[in-house]
Structures are given as C-alpha cells and as structure tokens.
Ligand SMILES: Nc1ncnc2c1ncn2[C@@H]1O[C@H](COP(=O)(O)OP(=O)(O)OP(=O)(O)O)[C@@H](O)[C@H]1O
Ligand SMILES: [Mg+2]
C-alpha cells in the first residue's frame with residue numbers, strides 16, 4: 001500500500017499538523033477577552049497578561065513570528081540574558097558532545113575489558129548495578145561542590161548519564177561475539193591485539209553503536225534539566241529564563257528546537273550505526 | 001613401523017558432573033594415527049565426541065587426558081600448521097570473501113606486501129571456483145559458496161594438516177556433490193593431510209583413505225579403522241560401479257545401525273582400544289585371522305568384514 005501511494009503518509013502528516021495548529025488557534029482565540037482569571041494565577045503570570053488585554057498563551061501566528069525572528073538572527077549576543085537561540089543551542093550541543101565524548105573514551109575501553117574478562121565483570125558488576133540507576137541530576141550538587149564550575153559540572157553530569165548505556169552495551173557486545181569468530185582468529189594465530197581490533201571490535205560495533213545512540217538521547221534529555229539548574233548559558237537556561245520573562249512564544253520555539261536537535265543527533269548516530277552493521 | 005605424522009595417544013575428555021553426580025566421560029582411551037598425505041574421515045553417532053576430538057587436534061580445546069603429537073611435536077594450542085574448516089563456515093560477516101581469506105594469509109606471512117597477499121588469496125579463491133564473487137560479503141553468498149570460502153581460507157595458509165568439521169552438513173545434495181568433487185581434486189593435487197568429520201557414509205568412502213569408526217558415548221572409543229580399498233582416483237560418478245564400494249558401504253552402515261552401541265555396554269569384551277582393528281571389508285587376503293565381530297550376536301549376511309592385521313598406532 002505504502003509502495004503504491006508514497007505521498008499518503010506525508011499528506012497525513014501535514015493534515016495532522018494543520019489540525020493541531022487549527023485546534024491551537026481556536027483554543028487561544030477563545031481565551032482572548034476572557035477576563036475571568038483565578039487570582040492566584042493572575043498573580044503568578046503577571047498583571048498585564050491576566051488583565052486580558054492579551055493572552056499569555058500565544059497564537060500559532062505569534063509563535064511563527066517568534067520562530068522566524070529566531071531563525072533570521074540566531075547568533076546575536078547582547079549580554080548574558082539576551083543571546084540568540086543558535087548560541088544557546090550551540091552551548092548545549094558542545095556540552096553534550098564533550099560529556100558524551102569523554103564517556104565514550106572511558107566506556108568503550110572499559111566495556112571491552114569487562115566483556116573479555118569474566119573476572120573483571122564480576123568485580124565491577126556491583127558498582128555498575130548501584131551507580132547505574134542514580135539520576136544524573138543527583139550528582140549535580142556534588143559536582144558543583146567538587147568542581148566549583150557550573151559549566152564543567154554540567155559536562156560531568158552528561159558524562160555520567162552517557163557512561164552507563166555505552167559501558168553496558170559494549171561489555172555485552174564484546175562478551176557475546178560468536179565463539180567461532182574468535183576461534184578462527186586463534187587457529188590463524190592472530191595476535192590478541194589484532195583480534196581485538198579486527199574481530200571483536202567490528203563484531204561488537206553494532207551493539208556498541210546502540211549503546212551510543214541511547215547515551216546521546218539521554219544526554220540530550222538531561223542537558224536541558226542540568227542547564228536549568230546551573231544557569232548561565234545553554235538552551236535549558238534559555239527556557240528557564242523565558243519562563244521568568246513569561247514569554248511563552250519563546251518557550252514553545254525553544255521546545256521545537258530542542259526536539260529538532262535531538263532528532264538530528266539521533267539520526268546522525270543511527271546513520272553511523274548503519275555503517276558498522278553487518279548481515280550474517 | 002615409524003611413528004605416523006599425527007598421533008593421538010590415550011585421549012580422554014571428561015566433564016565435571018553436576019553436584020552429587022559422577023563425571024561425564026565423553027570418550028577415553030582414544031588411540032589412532034594419520035600418515036602424511038592421508039585423508040582420514042571419522043564417523044560416529046551424534047554426541048559421541050567427534051567435534052571435541054577435532055577441537056583438541058586443532059588446539060582449541062584441551063583433553064582431560066592423553067596427548068596429540070603432530071610432526072614430532074606435541075599439540076599445545078592452535079597453530080597455523082593446522083587449518084580448520086568450521087561447521088558453520090565461521091566467515092567474518094563484515095569482510096568480503098577475499099578479505100576473509102587475506103585475513104589468514106596476512107597472519108601466515110606477516111612480511112608479505114599487500115599485492116603478494118592479494119595474489120595468493122585470489123589464487124585460492126579461484127581454485128574453489130569463486131573468482132567471480134571475491135568482493136561479495138558472506139551474506140550475499142549461498143551456503144555452498146560460503147563453505148567454499150571457508151575451504152579456501154584454510155587451504156590458503158598452506159597448513160601441514162587440514163581439519164574439517166562436517167563441512168558439507170548444511171548443504172543440499174547437489175551442491176555437496178560439487179564441492180566434494182572440488183575438494184577431492186584439490187586434495188589429490190596437493191597431497192594434503194586431512195582429518196574430517198562427516199555423517200555421510202558415501203562422502204567418507206569417496207574422500208577418505210581410511211575411515212575411523214567411533215562407538216557411541218559416553219565412554220566412546222575408536223571401534224575400528226576401515227581402510228577404503230577403492231582406487232585412489234575414484235570419482236563420484238563411477239565409484240558405485242565398483243562392487244567393493246557396496247561392501248565398504250554396507251560395513252559402515254551396519255556398524256552405525258547395529259554395532260556402534262555395543263562398546264559402551266560392554267558387549268565388545270575383546271576390543272583393545274590401544275590397537276583398534278584395521279578392517280578391509282570384502283577383502284579376505286590369505287592368512288588373515290578371522291575374529292568374531294565385537295557384537296558376536298549376528299553376522300550381517302551382506303557384509304563379510306575381515307580383520308587382517310592390527311593397526312599399529
Ligand atoms: N560443556 C560441556 N559440558 C558437558 N558436556 C558437554 C559439554 N560440551 C560437550 N559436551 C558433551 O560432549 C559430547 C560430545 O560432544 P561433541 O560436540 O564432540 O559431539 P559430536 O560427536 O561432534 O556430535 P555431532 O555429530 O552432533 O556434532 C556430547 O555428548 C555433549 O553432550
Ligand atoms: Mg560435532
């Protein structure tokens with residue numbers, strides 16, 4: 001079916017989008033002029049919005065205009081609290097890549113050793129079991145206290161949260177390399193190092209890439225929360241700052257950008273994973 | 001007689017039993033030898049320990065007892081002197097057929113240039129008829145082609161001995177026949193020493209100079225060694241015209257069906273594992289002493305196996 005009508009799915013997507021925007025438009029229109037607002041809520045969102053002159057909830061057109069504003073000048077810098085969304089996203093991406101890269105540098109070699117040696121696996125397993133379920137944000141105060149730098153602390157939190165999926169997947173991938181392939185290398189008297197790089201690494205690569213893909217997904221989830229906590233720069237900080245400014249249009253724009261970058265990161269890793277996948 | 005090229009002495013394999021149970025002895029007291037340039041097949045029921053023996057010969061597994069001596073040296077660990085063709089072909093799926101062969105060649109001659117390695121590997125792939133498919137990944141090859149790559153990889157390192165674990169077990173009869181012919185031609189040309197496991201009686205008769213019969217496990221042994229008394233230049237197409245073929249075939253089938261279980265339950269009392277009898281089915285040479293068969297119950301009417309002398313292991 002999808003073969004015969006390749007345009008059907010995209011068409012439906014566009015329809016859903018139109019429906020969504022239509023409902024959104026209706027909902028925000030109704031609110032206009034509706035003056036009956038809870039007192040506490042009025043206090044929270046500010047007098048101007050509550051007085052009903054203009055709804056705090058932006059219409060699709062408002063958000064569209066905001067998006068266009070962001071896209072036409074993403075990299076301006078007018079002081080700490082007024083930077084282009086491109087700069088903010090750049091900071092977040094840089095932190096994620098740094099934390100993720102450092103985690104990969106630790107997790108892949110360590111996972112290799114754990115996967116190859118049942119002894120090391122048994123020795124390290126209790127640590128992994130206890131450390132893995134800790135929310136990465138729980139490390140934040142400790143990181144701030146020890147590192148004393150909010151930017152590096154955020155990178156550390158990303159490091160911690162990307163570490164486990166890569167470590168566990170690498171170890172699993174290495175441990176489950178087919179016995180036959182290792183025996184081939186043994187009967188051909190291939191050195192241990194060459195076996196590691198030419199047999200075990202390519203054999204485990206798809207599993208390792210799966211771990212990396214999970215890691216970068218989690219890292220991108222965590223960075224927003226981490227930046228809300230540490231402040232300064234980054235898309236998480238931007239969202240929090242716009243909440244304080246009560247610019248819902250900006251918050252919605254940021255949410256869309258966060259989703260977009262997250263998808264790009266995932267797609268990139270998926271493409272890398274496909275490059276190392278083999279068919280048996 | 002001088003010691004054979006490959007000598008297996010008192011090999012045994014035991015697995016520790018579960019709590020409270022005694023050890024599981026898969027086989028013990030395994031003695032046999034293979035001469036240089038000889039093609040030996042081993043036949044026995046599933047689970048009797050053939051793969052285990054082959055893995056011990058390859059150096060991939062350790063025996064619980066006994067030793068293997070090849071070319072005057074004890075086998076300890078895997079070596080490029082013994083090429084292995086694995087049952088499940090075991091090609092590295094992310095490498096092309098050519099790269100799979102080159103992987104072994106590079107290890108065998110580390111000093112060679114890339115061109116030398118390429119030329120040598122190509123030669124062996126062409127030898128198994130895969131010159132046109134060298135750049136294909138294993139997933140793009142048929143089962144028979146994969147097995148051919150595995151054979152090329154093992155031959156390309158020019159080992160002193162080749163070990164094959166049911167190399168054609170997963171192939172259809174037609175493909176199997178073709179590859180058997182190819183293997184036969186290569187072995188006849190190179191005088192390669194071969195040890196091969198098979199379940200296929202016809203395959204064993206076609207390829208082997210002698211067939212090692214293994215009794216059922218546990219406590220499996222070498223029941224006897226059958227000499228294939230067909231001319232060496234036999235072929236699949238004409239082999240069955242020779243009446244001798246049926247005598248050997250009947251003897252093997254009779255062993256597998258009727259006698260292979262007699263050893264574990266003690267029926268074969270006069271069996272000497274150190275010198276398993278060498279049998280030439282259908283050939284009664286003068287002066288041969290005719291001993292009763294180990295089972296001693298019923299002599300199959302169609303075959304008349306005769307022991308002519310003891311194999312000096
Ligand atoms: N790790 C193990 N623990 C206990 N028993 C084992 C173990 N590995 C193998 N065995 C036993 O050893 C015996 C011999 O196994 P092996 O694979 O050598 O048999 P085989 O003759 O090659 O059989 P097949 O013809 O089916 O390939 C089997 O009965 C098996 O149950
Ligand atoms: Mg087997």
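For all residues, glycine too, the Cβ spot is worked out from N, Cα and C.
All annotation found in TrEMBL is predicted automatically rather than curated by experts.
Taken from TrEMBL, the feature domain 'ABC transmembrane type-1' applies to A:89-273.
Under 8 Å from some Cβ of the transmembrane segment (A:6-24) lie the Cβ atoms of residues 59-60, all in the same chain and six or more residues away from its ends. If you look up TrEMBL, you'll see A:6-24 (among others) marked as transmembrane segment.
The transmembrane segment annotation in TrEMBL covers A:96-121 (among others). For the transmembrane segment (A:96-121), the list of distant contacts is 154-164, 166-175, 196, 200, 204, 208, 211-212, 215-216, 219-220, 223, 265: same-chain residues at least six beyond its ends, Cβ to Cβ under 8 Å.
Within the chain carrying the transmembrane segment (A:127-147), a Cβ under 8 angstroms from the stretch's Cβ atoms is held by residues 153, 156-158, 160-161, 164, 167-168, 218, 222, 225-226, 229-230, all 6 or more beyond its ends. Sequence annotations record features per position, and here TrEMBL assigns transmembrane segment to A:127-147 (among others).
Sequence annotations record features per position, and here TrEMBL assigns transmembrane segment to A:154-175 (among others). Within the same chain, residues 95-96, 98-100, 102-104, 106-108, 110-112, 114-116, 121, 128, 131-132, 134, 136-137, 139-140, 143, 147, 200, 203-208, 210-212, 214-216, 218-219, 222-223, 226-227, 230, 234 sit at least 6 positions outside the transmembrane segment (A:154-175) and bring their C-beta atoms closer than 8 Å to a C-beta of that stretch.
Summarising the annotation, TrEMBL assigns transmembrane segment to A:219-240 (among others).
Positions annotated as transmembrane segment by TrEMBL: A:246-265 (among others).
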